[in-house]
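First the structure, in the form of structure tokens, and then the observations on it.
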Amino acid sequence: AVLGCALLMPTVLGEDCPSWCRCWSPGGAQGWAVDCSSRGLRSLPTLPRWTHSLLLHNNSLASIPAGALDGLTHLQELQLWDNPWHCDCHILYLKLWLQDFSTPALARLRCASPAHLRMKSLGQLTGSDLGVCARLLPNKCLQFFWRDLLLIAAVIIVLILVAWALKFSKKLVCQLTLGGRWLRSIPKTH
């Protein structure tokens, strides 16, 4: 009985199974199965990196935070159906992630809201359905993007100024040198 409890709620390579979920190892080097289905979840719990199978169906999930599934590199199975997906800009991450992961899983998911998109498949959503999405990337990505863009612009400006200064200094040296020779070659008249 103790072994059975250990298999249901193990520590997954130093990571805990989410408190509302049930985790077990199906055997082999496949990773961990994490069953969070039918738990009334409104937000995605922190998931073990070695998750191989993730069951999130029949919950109250309206969206998945941007980047939340990116670390699950061993994921082979994902069940997300029967959740009240709210199809606005916040659903864009899940739509794009599922396009790469599983087109059939994407086709199974349906919008619950807003009313004009009710029952529309996430796979059929277009940019005009979602409206104007000002932030397609997570805030941190945008901060890094703008910082990097500013650094690149600053480096380009510095390089242009250095090149201009070198060109100007060579021209000045040539003028001074030529000017000095020209002055020496003028005969002195008394």
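Quick reminder: no glycine exception, Cβ is built from N, Cα and C everywhere.
Residues or ranges marked as domain 'LRRNT' by TrEMBL: 16-53. Within the chain carrying the domain 'LRRNT' (16-53), a Cβ under 8 angstroms from the stretch's Cβ atoms is held by residues 7-10, 59-62, 64-65, 68, 71-79, all 6 or more beyond its ends.
According to TrEMBL, the feature domain 'LRRCT' maps to 83-134.
For 144-166, the entry in TrEMBL reads transmembrane segment.
In the predicted model, the domain 'LRRNT' (16-53) shows an average pLDDT of 90.
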